[in-house]
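Visitor: Attaching a single structure in structure tokens format; questions to follow.
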Ligand code: ADP
Ligand code: ZN
Ligand code: ZN
């Protein structure tokens, strides 16, 4: 008897280990490692992943239960992924099931999937199902359940079981179109034709036509048109055996437009050198990590493209990761225009079905390149030759929920598995990566000039305090107003960037000063004009704007802050003739609207593009000659040790949008703290000096990259309980970690109350701490066995992106 080890879909201690199940004989040849199955667990039937197959078990035979259903024809996870999950589980202190689930598209992630029945004997199966398929190609699930059959889904059986499979596939979100396959047998067609009575004129006519198209697979609509007949006639002819329905899998197309093919550019010397280094590593199967540090517009993408070309020529596959926010059509089109149909794209803008189809293209090896956001790092290629992380410094590469993995770490793990190089690209590398490059852990490749030798844009800093002194209370400095005006005259384009982090519009009572706050969190509510409501961005709580103050009863309620809508209003007042496009969360809710806005702007349908972080990256339009940053300060004063780094990165990125073609660019940065080094260095795009300066700060405060950090957070509905267990946590860590680690806390978290829970945290700083993972695993065990019952939530985040 064969035994399967199954990781079941239950995130509870002590379930985090494989369970043994016997494999029913009928499934023995079909089940492979990496397949999803349904298994009895307690009194339920739940989803699981087969992670190993063996011949023996320690479970007594009378306790051993069989797998109930096999959910996949082909394994959804490769052996590599199963191995990776084991590594990730330990590195991120997560449940293995969460790691496995993170690797597959959401369409396959359903916790409970009603599956079709199974039957052991193919002949019987066909017999049993015959009645259902006589009149219809769709069979209700109920029927399958009633008959309690098992469907052997195997590649070779496809033809035979097309219609049956169809039922199964719909569950898996596969889209198919129904076509008619005309019999290949000329004699049979002739015979059917001859046997028809002369009164069946239409049918005879159709058969004549079919004889000329024997063996063809055609859409029914086309047959009606060609033979000037109706579905009834076709059905009648099909009943006689002249044709049958077949299903053709189709991929939903997430791309609105075809793209024109582009050719390779002749590389500059700098580009050539960088490419060569990567190609060498590829050819010698070296799992090297390159840090490609190139100023904005230096042609990093062209290097990616040519490296991928080489990778494909070697018969291998490439994975390109791009931050979600910059997965613009412009970016993806650059890959599609070079590699056409060989590219799959994965991002959150796609529907569940589209995402699944793009994933299937990778899974079925129909493509050679995947371009996607963080989770695309799990693309199930089996012969990876190159992995690229563009904008490697982006915090979105770190997943905030369990499993709290960083795509960079996973990429490097996979590069070792496949013996292939990784490229980390950025104009503003994270301090961690740059420090590693300095130590030669990563190989540094530098592009110091823009690809076409365009000068970097001229950057000016405007001190908004001076504007106030001059009596200008608007959000626009004189300089910026002039700048926009002259662009309007010259018919050039302007991009205005509102650094909105921590800058949302809030509502305040002018009499008592009360700010409307979320019921569940210590956060002020954000005002949304489009539906006149207040919303909490952390927990989703919503309420209408109050007409009287809940504290004092006054009706002097006022909106504050500078949301994009407010900026837009002021902008249209200043420049009534200007055509303004706004791009923020509100205007890009609808699918494809992001795309549409950029397209309009690229086509010159607007003079000014106003937006948030969303526009900071990837925009590459030749007619943009002015970039304005309305307030550089907002991200500078966040209570996060990376706030200067983030500000520097953001300002450098936005500035890089100006003057990318022949026309020179200008950047105006408005700020209340012009003297800050992050702003000063961003002005000159001076990465190295910024790095040196920031490293000094990090050194002084024992922060990364000098130390690693881990964050242990405890929350509870009751403040005192939360504090009590946070203390227990800290004590536990102090008695188990060595002196190499310093433990700070417990302290309250940045936002103390979130979703009605009080939060405390301990921060751990360490260089080398062999006890770290074992201690965390042990702490997790205590939590999962004892504390969880008391309503505590404990999370451990190693290398958190935000603290
Ligand atoms: P980055 O990704 O470093 O910001 P891009 O790859 O977007 O830079 O390149 C900036 C611009 O320069 C693009 O319009 C690109 O087509 C162009 N470019 C890049 N490399 C070359 C080259 N070798 N010759 C001519 N143009 C180039
Ligand atoms: Zn009030
Ligand atoms: Zn809230």
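Yeah, the Cβs are placed from backbone N, Cα and C, and that goes for glycine too.
What TrEMBL shows for this protein is this:
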| type | residues | note |
| --- | --- | --- |
| BINDING | 509, 512, 549, 552 | Zn(2+) 1 binding site |
| BINDING | 518, 521, 536, 539 | Zn(2+) 2 binding site |
| DOMAIN | 281-447 | domain 'Helicase ATP-binding' |
| DOMAIN | 544-698 | domain 'Helicase C-terminal' |
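Each of the listed features needs to be described in terms of its position in the shown structure.
Guide: Residue 549 (Zn(2+) 1 binding site) falls within neither a helix nor a strand when secondary structure is assigned with DSSP, and so counts as coil. Neighbour density for residue 549 (Zn(2+) 1 binding site): within 10 A of its CB lie 20 other CB atoms from the protein chains shown.
Take the CB of residue 539 (Zn(2+) 2 binding site) and look out to 10 A: across all protein chains shown you find 16 other CB atoms. DSSP assigns residue 539 (Zn(2+) 2 binding site) to coil, not to a helix or a strand.
Restricting the average to the domain 'Helicase C-terminal' (544-698) gives a pLDDT of 84.
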Visitor: Which of these binding-site residues (518, 521, 536, 549, 552) have a C-beta closer than 6 Å to some atom of ligand 3?
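Guide: Passing the 6 Å Cβ check against ligand 3: 518, 521, 536.
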Visitor: How many Å separate the Cα atoms of residue 549 (Zn(2+) 1 binding site) and residue 518 (Zn(2+) 2 binding site)?
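Guide: About 14 Å separates the two Cα atoms.
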Visitor: Show, in sequence order, which residues other than 509, 512, 549, 552 on the same chain lie with their Cβ within 8 Å of the centre of the Cβ atoms of the Zn(2+) 1 site.
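Guide: Neighbours within 8 Å of the Cβ centroid, excluding 509, 512, 549, 552: 510, 511, 513, 514, 550, 551, 553, 554, 556.
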Visitor: Going by a 10 angstroms cut-off between Cβ atoms, which of the binding-site residues 509, 512, 518, 521 has the sparsest surroundings?
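Guide: Selected from the binding-site residues 509, 512, 518, 521 on minimum Cβ neighbours within 10 Å: 512.
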Visitor: Cα-Cα separation of residue 521 (Zn(2+) 2 binding site) and residue 512 (Zn(2+) 1 binding site), in Å?
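Guide: For residue 521 (Zn(2+) 2 binding site) versus residue 512 (Zn(2+) 1 binding site), the Cα atoms are 21 Å apart.
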Visitor: Of the binding-site residues 509, 512, 518, 521, 536, 539, which ones put their CB under 6 Å from ligand 2?
Guide: 509, 512
Visitor: CA-CA, which of the binding-site residues 518, 536, 539 lies nearest residue 509 (Zn(2+) 1 binding site)?
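Guide: Closest by Cα: 518.
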Visitor: Can you tell which of 536, 552 has the least company, meaning the fewest other C-beta atoms within 10 angstroms of its C-beta, among these binding-site residues?
Guide: 552
